[in-house]
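Asks: Got a structure for you, questions after.
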Amino acid sequence: MGEARERRGGDSASRHEELRAELRSRGYRLTPQRQLVLEAVEELQHATPEQILQVVRRKARGVNISTVYRTLELLEDLDLVTHTHLGDRAPTYHSTSTPAHAHAVCRACGRVSEVPPEAVERFAATLLERYGFRLDIRHLAVFGECTECPQARSGEQAVTSKA
């Protein structure tokens with residue numbers, strides 16, 4: 001799923017305190033459920049609410065899917081997580097503590113690659129200059145076929161054999 005990204009906040013104890021302070025400054029508490037959901041998002045990187053629930057339930061069996069959705073909504077409002085639609089399935093969430101990136105999604109195998117901002121700079125500049133539209137790269141997903149995918153290679157052979 002792309003290269004590993006350096007996370008801000010250092011070790012888990014300092015990250016925990018950073019989160020506690022951030023939530024407190026906005027009038028919220030860092031409840032155990034909120035902490036578990038955010039930890040699951042950070043662990044999984046690009047995860048659906050159902051995948052997040054599975055990880056959370058390893059430590060807190062009583063948490064249900066509605067708690068996960070409510071927590072994700074709050075964490076997104078606080079700009080601690082963001083979501084992207086990577087196809088026709090549920091949105092996937094990732095921590096805003098990772099560097100901003102777009103997503104390249106292979107339609108053949110489903111692989112998701114993180115794309116650095118500089119790879120879409122010209123596109124973003126064109127959108128702004130021609131259409132007055134400012135791109136939020138955190139929500140950008142482009143779809144195609146990866147060159148490493150056997151399904152993509154078989155499609156490529158079919159295209160080149162017609163030429």
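One is the number of the first residue shown, and numbering goes on along the chain from there.
Cβ atoms are placed via backbone N, Cα and C, with glycine included.
Just so it is clear, the model here is predicted, and its values are computed rather than measured.
TrEMBL feature annotations, pasted as is:
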- C106, C109, C146, C149: Zn(2+) binding site (BINDING)
- E121: Fe cation binding site (BINDING)
Asks: When DSSP states are folded down to helix, strand and coil, where does C109 (Zn(2+) binding site) land?
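Replies: In the DSSP reduction, C109 (Zn(2+) binding site) maps to coil.
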Asks: According to DSSP, which kind of secondary structure is C149 (Zn(2+) binding site) found in, if we only use helix, strand and coil?
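Replies: DSSP call for C149 (Zn(2+) binding site): coil, neither helix nor strand.
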Asks: Measuring Cα to Cα, how many angstrom lie between the residue listed as 'Fe cation binding site' and C146 (Zn(2+) binding site)?
Replies: 21
Asks: By a simple count, how many Cβ atoms lie within 10 Å of the Cβ of C146 (Zn(2+) binding site), its own Cβ left out?
Replies: 18
Asks: Which state, by DSSP, holds the residue listed as 'Fe cation binding site': helix, strand or coil?
Replies: helix
